[in-house]
Structure formats: structure tokens, C-alpha cells
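Record features (TrEMBL):
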- A:1-56: region 'Disordered' (REGION)
- A:1-15: compositional bias 'Pro residues' (COMPBIAS)
- A:28-38: compositional bias 'Pro residues' (COMPBIAS)
- A:39-48: compositional bias 'Low complexity' (COMPBIAS)
- A:161-184: transmembrane segment (TRANSMEM)
- A:196-216: transmembrane segment (TRANSMEM)
- A:228-249: transmembrane segment (TRANSMEM)
- A:255-273: transmembrane segment (TRANSMEM)
- A:309-326: transmembrane segment (TRANSMEM)
Amino acid sequence: MYQNPPPAHSPPLHHPVPQHVSTVPQLRSPPPPQPPSQPQSGYGYGQQHAMPAQQGAYGGNIPPAFGGFINDPTAQLGFQMGKSAMNAGQEYVEQNFGRFISVSALKHYFNVSNTYVANKLWIVLFPWRHRPWSRQQRMANNPSDVFYLPPREDINSPDMYIPMMALVTYILLSTLLAGLRGAFKPELLGYTTTQAISVMLLEILIIKLGTFLLNISSSSQLLDLVAYSGYKFVGVIVSLLLTSLFSQLNFGGAWISWVVFVYCFNANAFFLLRSLRYVLLPESNPQGVGGGAAGYTSSRSQKSARTQFLFVYSYVIQLGFMLWLSKV
Amino acid sequence: MVFFGLGGLLQFSVLLINAIAILSEDRFLARIGWTSSADPGFGGQRDDGIKARLVNLVSSVRTLMRIPLMFINTAMIIYLLIFG
């Protein structure tokens with residue numbers, strides 16, 4: 001039993017294990033790295049003999065044809081580098097944009113369908129007969145967590161697809177009309193873009209100031225207001241198009257462009273009046289039974305002030321902005 | 001048509017903030033009663049009228065924007081001297 005003591009033989013037995021680990025990076029090659037003729041040479045010194053033969057067989061084993069280029073280690077390295085670069089870029093974008101606006105919240109606004117867009121355009125241009133204006137909510141798993149349905153499933157939800165497309169269309173259309181008049185300059189594109197964007201910014205500033213002064217704390221976000229401030233471009237586009245069409249056809253006179261504009265403005269103002277109700281006039285549930293008459297009257301006056309602000313915002317301020325945008 | 005772009009919007013807002021910030025506390029605001037009253041204590045009822053919030057806004061702008069406005073105005077003056 002004591003004839004073969006383990007310490008004498010153990011160094012050659014345990015020695016190959018780190019060697020095998022060190023050869024692992026060289027073995028990271030295409031999936032069929034070893035030709036079937038070569039058996040797995042296990043641990044030990046046989047591995048070192050097998051390495052040169054395996055590398056020699058590697059060049060001949062993989063055919064340099066078209067199908068083999070995916071297995072090419074260079075291509076794989078390229079793929080991996082591209083993937084990691086993409087991931088890094090995406091992370092960078094998410095980090096820098098996510099600081100200001102969350103991308104997932106933006107995705108909610110672009111979740112639209114064809115029928116939604118058609119119906120919404122119809123509502124923006126003809127809002128008189130539309131009946132339920134309230135947004136639908138859905139309960140999440142816990143009842144305290146209520147979120148609004150995306151535009152795909154709820155016609156009254158604000159989206160950002162229509163405002164964005166309308167903004168781009170407005171810019172292109174106004175420059176096109178200037179070109180038809182023979183007044184096209186390349187700078188006109190930039191002028192119109194900054195003007196339209198600053199109109200939207202000014203409008204959001206106004207409504208933010210109004211909500212601050214009136215102490216309206218609703219759960220709606222800034223992005224809702226951005227979306228709602230963009231819907232007026234639809235009316236502006238329609239009025240611009242019809243005005244230029246009628247002037248081309250020599251139909252009517254200056255009055256018909258005013259009629260079209262007044263109709264579009266009224267439709268847009270009515271749409272905003274109804275849609276912004278839930279932003280500016282949130283349902284204030286009574287705090288308690290002991291509120292008393294004082295709370296009632298204060299909420300009454302508050303509510304009337306809010307209603308006046310809503311009216312002024314959606315009629316007077318919109319009138320100014322739409323007039324401004326329509327004068328190309 | 002007067003061109004009004006992002007630069008105009010920036011200028012407009014800077015001028016507006018300047019106008020709020022130069023209102024004198026004891027010569028003008030106190031005379032028309034626009035100074036902010038004592039802060040409500042814990043549990044005190046906040047006055048939530050429009051005027052109270054406007055006064056609050058003015059005093060916050062005056063407190064907060066005084067030092068940044070110096071730099072913003074200096075930068076704007078230099079910009080307008082060179083490019084304006």
C-alpha cells in the first residue's frame with residue numbers, strides 16, 4: 001500500500017489540467033473544429049501533439065466557399081464587434097435621451113393603426129358629432145395602477161404620429177406653395193421648421209404657465225400636451241390646401257379662404273376644448289364629508305377659472321397661432 | 001411676415017425673465033401688495049389663488065434666476081455685439 005505514494009506521481013497527473021485550460025482560446029474556432037479522424041485526445045501530453053495537426057487540418061476542413069463565410073472567425077469577430085457596437089450605441093442613445101424623455105413613454109404614442117389614424121383625422125376635422133370624449137383606462141394587476149390605453153385601442157387617446165406627420169407635411173406644403181408662387185428659397189424650409197417648432201414650444205409654455213397658475217395637478221404628462229398642440233397643423237394644412245386650390249380654380253374669392261379657415265379653426269378649437277377637458281378639468285373627487293360649503297365654493301370658483309382658461313386657450317390662443325401659421 | 005423662430009423665442013423668454021427679475025421688492029412689489037406673505041407652517045392651509053401663485057412665481061424667479069441671468073445676459077450681449 002505504501003509502495004506507490006501519491007505525492008511522487010501527482011505532479012505529472014495534475015500538471016496537464018492547467019495546460020488544457022491555456023489551450024482553450026486556441027480551440028475557440030468554428031463549430032466543427034476537430035476532424036472526426038482525430039479522437040478527443042483527452043488530457044495529458046497528447047494534447048500538445050495534437051495541436052499542430054489540428055490547426056493544419058483546420059485550414060483544409062472549412063471550405064472557403066460562400067456558405068462557409070459565416071463560420072469564418074474573422075466574420076464572426078466582425079459580427080460580434082458590430083453587435084457590441086450597436087448595443088453600445090443603443091445604450092448611449094437610451095442614456096442620453098432617456099434623461100429627458102423616456103423612450104418607452106414615447107413608444108406608447110406611436111402605437112397607432114390605420115383605422116385609428118383615419119378616424120382621428122376625421123374627428124379633428126369634423127368633431128361635432130363625436131360622442132364619448134373620455135379616454136379609456138385599464139387597470140393593471142393592482143387596482144391602484146391605472147394606465148391609459150394606447151391609441152391603437154382607444155380613439156380618444158392622443159398620439160404623436162399625426163402631429164409629427166402633420167408638422168412635416170406643413171413644412172413641405174408651405175414651401176411648396178411658396179415655390180408655386182415663385183418665391184422659393186432653400187432657407188424657407190429652415191424658417192418654416194423653426195417657426196412651427198417655436199409655435200409649439202410657445203403653446204406648451206402657455207399651457208404650462210396656465211396649469212401652474214390655476215394649480216391644476218393632473219396626472220397627464222407633458223407629452224400629451226405636445227401631442228395636442230400638434231393637431232392644429234392638420235387644420236392648417238387643410239385650409240392651406242383648399243385655399244390654394246380655390247385660388248387656382250378662380251372659384252370664389254378672398255372670402256372662401258376665410259370660410260375654410262374659420263371652419264378649420266372652429267373644428268380644431270372644439271376638438272381641443274373637448275380633448276383637453278380631462279387635462280385641465282380633472283375630476284376632483286371630494287376630499288371628505290367634512291369639506292363643507294367653503295370648499296364647495298372655492299372649488300366652484302376654481303372650476304370656473306379653469307373653464308375660462310380652457311376656453312381662452314382653445315379658442316383665442318389657437319386662433320392666433322393658426323392665423324400665424326396659415327399666413328405663408 | 002415677421003420671422004419668429006427659436007432665437008426669437010429664446011430672446012422673448014430671456015427678456016421676460018429679466019423683466020420679472022428687475023422688479024424691486026420694496027419699492028414696487030410691496031406697494032401694490034405683491035410680496036409673498038409668511039410661509040405656511042406645517043399643516044397650514046396654503047393659499048391657492050391665482051394671485052398667490054403669481055406672487056410665488058415672481059418671488060421664486062427673483063430669487064432663483066438672479067445670478068444665472070447675469071451670465072445669460074452677458075453671453076447674449078456679446079453675441080448680439082458680434083453677430084447682431
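Just so it is clear, glycine is given a Cβ too, placed from its N, Cα and C backbone atoms.
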Going through A:196-216, A:228-249, A:255-273 one by one, which has the most CB pairs that fall under 8 Å from the transmembrane segment (A:161-184)?
A:228-249
Would you confirm whether the transmembrane segment (A:196-216) and the transmembrane segment (A:309-326) meet the contact rule of 3 or more C-beta pairs below 8 angstroms, pairs 6 or more apart in sequence?
yes
By Cβ distance under 8 Å, which residues at least 6 away from the ends of the transmembrane segment (A:309-326) in the same chain are close to it?
170, 195-196, 199, 202-203, 206-207, 210, 214, 232-233, 235-236, 239-240, 261, 264-265, 268-270, 272-273, 276-277, 280-281
The transmembrane segment (A:255-273): which same-chain residues, six or more beyond its ends, come within Cβ distance under 8 Å?
123-128, 228, 231-232, 234-236, 238-239, 242-243, 246-247, 310-311, 313-315, 318-319, 322-323, 326
